[in-house]
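K.L.:
The following block contains the structure, expressed as structure tokens.
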Amino acid sequence: MLGESVPAAVEQEQLGEVKLEEEEAVSPEDPRRPESRLRPEVAHQLFRCFQYQEDMGPRASLSRLRELCGHWLRPALHTKKQILELLVLEQFLSVLPPHLLGRLQGQPLRDGEEVVLLLEGIHREPSHAGPLDFSCNAGKSCPRADVTLEEKGCASQVPSHSPKKELPAEEPSVLGPSDEPPRPQPRAAQPAEPGQWRLPPSSKQPLSPGPQKTFQALQESSPQGPSPWPEESSRDQELAAVLECLTFEDVPENKAWPAHPLGFGSRTPDKEEFKQEEPKGAAWPTPILAESQADSPGVPGEPCAQSLGRGAAASGPGEDGSLLGSSEILEVKVAEGVPEPNPELQFICADCGVSFPQLSRLKAHQLRSHPAGRSFLCLCCGKSFGRSSILKLHMRTHTDERPHACHLCGHRFRQSSHLSKHLLTHSSEPAFLCAECGRGFQRRASLVQHLLAHAQDQKPPCAPESKAEAPPLTDVLCSHCGQSFQRRSSLKRHLRIHARDKDRRSSEGSGSRRRDSDRRPFVCSDCGKAFRRSEHLVAHRRVHTGERPFSCQACGRSFTQSSQLVSHQRVHTGEKPYACPQCGKRFVRRASLARHLLTHGGPRPHHCTQCGKSFGQTQDLARHQRSHTGEKPCRCSECGEGFSQSAHLARHQRIHTGEKPHACDTCGHRFRNSSNLARHRRSHTGERPYSCQTCGRSFRRNAHLRRHLATHAEPGQEQAEPPQECVECGKSFSRSCNLLRHLLVHTGARPYSCTQCGRSFSRNSHLLRHLRTHARETLY
């Protein structure tokens, strides 16, 4: 227990600067106590330096400790995990080596993970400054001390933030457990400049009779053995050594105490801006330097600890050119505002070595670039994600779940952000207007795409468009092939095809292949094909594995990509979102619309060298050239029949599988092809879209119209369909189907067989007539 010599207000006297700062923050009209608005770093200092006082009693002392601890840890705002992290962080910083603790200055440390990442980044540096000496002359380390004493041959004047304050200096010495710190010797005061500390006159008394003695008494009277904080003794002794030199009159009313080294909370900067003549060091509060009187007779000079701040330099001579050997200056540097991060210390990724100034950016980089950190795996396609919420959104692409519905039109979306963008289309006025043509857009991205069209000069300036008019779909055209795109990003992806073809034709050396491999780092191990993005490689791998993770719930058909499933589902729903702005014809796919737009006078840069026919796309030209060469690369695995196009093969395979995906809504009749379904629907609606301009007669099919036009042809006029001649007998036919039926007579082929008796026929109609005999049905 402490003796009665310990004053009752020792706690308030020792940290009077801190309390005065808090009293300044609270206005005189505020009825609340200053302690009720303590910042965490202030409450932390009061909590650590609290001393038991006889007049308060044990219950009041315990209550005071609880109050200070509550202001420091803030259990109403922080969770148990956060409070534990604050305690662990404080202890972790106290056990760090001095040279590592010095490198952490200026960093807003919030948890132990940030400290670990910063220390790992320091160890990875090829070369860094040597360790700084933080040990006092007794050999005790004080890594968390806010006060260090340094003895040099001369003292210097350092500008401070408070005008004309007086402080006595104290000679540093090693204090034993029973020694009492020496009293400061009175010296002649010298006039000091504004903003500097000067030595006090001998008439002033210190704040307390001896903080060092108080701490020693606490240590001697403690019945609990060693302190749980090994650094408390050295730190508190140094703090008491400086506080002992301060008098209550020396504490300015508007003094701002340095922020706590742990960086808890943020300090409001003072209204008065402090001007410092020295260059700033770290953003942490630079430790207080006390220049001891090394020139005084009879006092041996002893080396002491250096300053923590790397930017703090030893002070030089005064303004008059003479060394201030007869006075001592206490240098107090205040951290201004929130600590600024040190640009030399950054968060480094342990996998690739990329550095980031913030921890949040490092975590986002690890989730995006390193799949090992993506612990949430999709069981359908094998794609991994860093968060469960992203996996939940991704699963909706497989299940086609669309929980967000528009209350105006009923359109459904997978994500709420997509619904928010869609709701902008229902608003009365557009939010973004084009400054050149006045056209309005609901989304900023649409306006940016529209402005790119103006910049490219691909089309003339458009007039302001009313809301009822549909916006044109194509904004950007490819200068190589004339293909149109709605987005500039799609055009950029398309231009890579031309660039790849050009590189392949121009250079075949190893250098060009090396450059192409650099642009396409993701290579397929089966076929060697390279891709620019990893997701493209994942989608390509399904071609080799045969995996089709996206299935249609209506017909059960599966696809390798989700975009293919979305396009396929429009077959069942009948949705055709892409309409031609000129003729109004609608299409299921955007590519079909782009192909259709070429029929309205679009550019056709690709020409056939044999017949001169022109095409708008290279794939259309390649498909047409197979009609000249007779090439049929697509073959049926069942019957071996060849086809020039994969679409024709898919249509043919439905004959073997019996699949008829297209059903009539009126009678339920099913068809293999959508064209047959469209032709059948005309029998219900009575539509006859093909009309003869000569007699006005209309037909359901275009073939019927062409056959009818042959009846109007004059003897010298060329018929709509030239006559078909048989190469065997020379017989001619007006229709190609009749010629094919006639050729069966010469070949003797009978492709239609009866499954019951095995009899074969040359025509399908003959087989149908024969089947009625088995069913005992007659036509007449």
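Each residue, glycine too, has its Cβ placed from N, Cα and C.
If you look up Swiss-Prot, you'll see 29-38, 268-280, 498-520 marked as compositional bias 'Basic and acidic residues'. The compositional bias 'Polar residues' annotation in Swiss-Prot covers 202-224. If you look up Swiss-Prot, you'll see 56-126 marked as domain 'SCAN box'. The annotation phosphoserine is assigned in Swiss-Prot to Ser162, Ser208. Taken from Swiss-Prot, the feature phosphothreonine applies to Thr268, supported by a large-scale study or a structure entry. Look at Swiss-Prot and you will find Gln483 tagged as N5-methylglutamine, backed by experimental evidence. The region 'Disordered' annotation in Swiss-Prot covers 1-38, 153-237, 255-324, 492-520. Taken from Swiss-Prot, the feature zinc finger covers 347-370, 376-398, 404-426, 432-454, 476-498, 522-544, 606-628, 634-656, 662-684, 690-712, 724-746, 752-774 (among others).
Please situate the listed features within the shown structure.
P.N.:
The average per-residue pLDDT of the prediction over the domain 'SCAN box' (56-126) is 80, rounded to a whole number.
Other C-beta atoms found within 10 angstroms of the C-beta of Gln483 (N5-methylglutamine) number 24, with every protein chain shown included. Secondary structure at Gln483 (N5-methylglutamine), as computed by DSSP, is coil.
In terms of DSSP helix, strand and coil, the zinc finger (347-370) has 11 helix, 4 strand, 9 coil.
Residues 367-368, 414-415, 535, 538, 547, 549-550, 562 of the same chain lie 6 or more positions beyond the ends of the zinc finger (376-398) yet place their CB under 8 Å from a CB of it.
Distant neighbours of the zinc finger (404-426): 393, 396-397, 442-443; these residues of the same chain sit at least 6 beyond its ends, with a Cβ under 8 Å from one of its Cβ atoms.
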K.L.:
Where among 347-370, 476-498, 724-746 do we find the most Cβ pairs under 8 Å to the zinc finger (752-774)?
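P.N.:
Of the candidates 347-370, 476-498, 724-746, 724-746 scores highest.
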K.L.:
For the zinc finger (724-746), what are the same-chain contacts with Cβ under 8 Å, counting residues 6+ beyond its ends?
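P.N.:
Tertiary neighbours of the zinc finger (724-746) are 707, 710, 762-763.
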K.L.:
Counting each residue once, how many in the zinc finger (690-712) are helix, strand and coil under DSSP?
P.N.:
11 helix, 4 strand, 8 coil
